[in-house]
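A.B. asks: Residues or ranges marked as transmembrane segment in TrEMBL: 20-46, 58-77, 83-105, 117-139, 151-173, 185-204, 350-371, 412-431, 443-463, 483-500.
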Amino acid sequence: MEGTRTVQAFSCPLRLLKCAFFWSSVVMNSITAGGIFCFPLIAPYLSQHLHLTQPEMSSIVLAGMMGQYPFASAWGIAVDKIGPWFCSLAAAILLSTSFGTFSYLLSHEGNFSHRWLVLLFFLAGSAAVASYFSALFATRYQARPGGLATSVPLALFGLSPLFLSYVASLPTFQLESGELDVPRFLWYLAVGTGGIHLISTFGLRVRYDLTSIDDPITEVPNPRENLSERTPLLQKTLITPPNSPPRPVLEYREEDGSVIALLSDSSFWVFATVFLVITGSSEMVISNIGSIVMTLPGTDNTATQVRLISIANTLARLCSGPLADLISPLAEKDACGSYKFPTNRRLSRMIFPCWALVCLSLVYFWTAFGIQSTSSLPVLSVGTGLAYGAAWAVIPSITGTVWGFENLGRNFGIVSYAPFIGTPIFTYLYACIGSEDCHGRNCWSTTFLISAGVMCMSLVGVVTLWNRWSIDVFVSRKDLSSYVLYIALSVLYGFERALFMHKYTKYLDP
């Protein structure tokens, strides 16, 4: 007789409190990590009170942006070896130190070099990544981290500047003249965000283990008990129905998890390059959307384009994770050590970077040949935001699936260097092509045409990885050929439409 023991989830209020404490820590770390992106709010104060030049202010904000990358892999290693709580503690110390000292220097307005502000903003940039990693990778220490668990920190981190800018607009931080009280706001960032991350240090160590609570525990009787002379020698399993197809089983081989082994893997470099061109070209559009608007006839709707990019980016990050779990569930490890997929029909998660490349190639072709005025720019803004968000949402899970979850923090930290390299490449490409006195799409059509060509060439890398990983990790070759054909036809159709638009609208250029 089969015995079953089931424990109801959240039957104990303590478990509910643990779950709430953990997810509150994840949410608050994510939503308060983007203090460095509030620099446009404090830039007027620096110019008026400290009389900093534009190059000096640019060096401050650049230090914050660059501070996100040098220690990314170090924070990843800390997550793998110590835990996400350590990154939250480090972020608390760095945020309090950087913004607190920044506020102190602005309040006293003494004779100090702007290099101190550069150093402090560099520390704040490093703190942002530590906070980002603590929230992103904390969910994998719980029993059942799904795609939504990854998408939520990603999306909230993207909304962090919007949240902090709303906080800055509160009357508490406004002077009588209506301007922002920058020293007071920075002091709030030091105390508020530092305190939140300090509390989250304890919240991220909480384990509530939903799987151990939810799942029924079935006691299967010993098949050797109650045997008789009439019992068949070969019996069908009591677990798998007789006519049900077996679930696919993966046997993962033990691999060297060292950094040298990772960097010697050619697939890793192809994967990083694909991520580089997606994020680099997307951030080129994000950072230059204002100048693109200025070159086109029509109303100045820069703010609208920025909102469209932000909304599309957030929606893509929120939806891509759960969608990836639905169409491409990760393999689950059973008691025997084998990895089994929960379903027989699944797609590869490489469909998401593949889709991002197709989307960007079509959007860039359209931008190079089809845009006539600012009313056509939403195609560029929405397409870029969707592709950018989708890529960021699935890159961690692909990295963990291929190279293991034991060193996911370190490996993702190394992969995240891709925007550090790709963004300057595409940004300087945009800056070098075209002259300052140009008008219309002639200012940047060549840039977007080159970018579209790079996206198409990167599709070859995605298809190569898809084909290489299809046997061990993702999906069958039969499905692969169908999607490759579909993607190729989509790119060719988009290119043909772009040429058609160019042929019949070239006389309409402003």
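A Cβ is built for glycine as well, from the same backbone N, Cα and C atoms used for every other residue.
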A.B. asks: With pairs 6 or more apart in sequence, are the transmembrane segment (412-431) and the transmembrane segment (58-77) linked by at least 3 Cβ pairs under 8 Å?
C.D. replies: yes
A.B. asks: Would you confirm whether the transmembrane segment (58-77) and the transmembrane segment (151-173) meet the contact rule of 3 or more C-beta pairs below 8 angstroms, pairs 6 or more apart in sequence?
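C.D. replies: Not in contact, no.
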A.B. asks: How about long-range neighbours of the transmembrane segment (185-204): same chain, 6 or more residues beyond its ends, C-beta under 8 Å?
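C.D. replies: Distal contacts: 21-22, 24-26, 28-29, 32-33, 35, 38, 41-42, 83-85, 88-89, 91-93, 95-100, 102-103, 106, 131, 134, 138, 164, 167-168, 173.
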A.B. asks: Taking 20-46, 350-371, 443-463 as candidates, which has the most Cβ pairs under 8 Å with the transmembrane segment (151-173)?
C.D. replies: 20-46
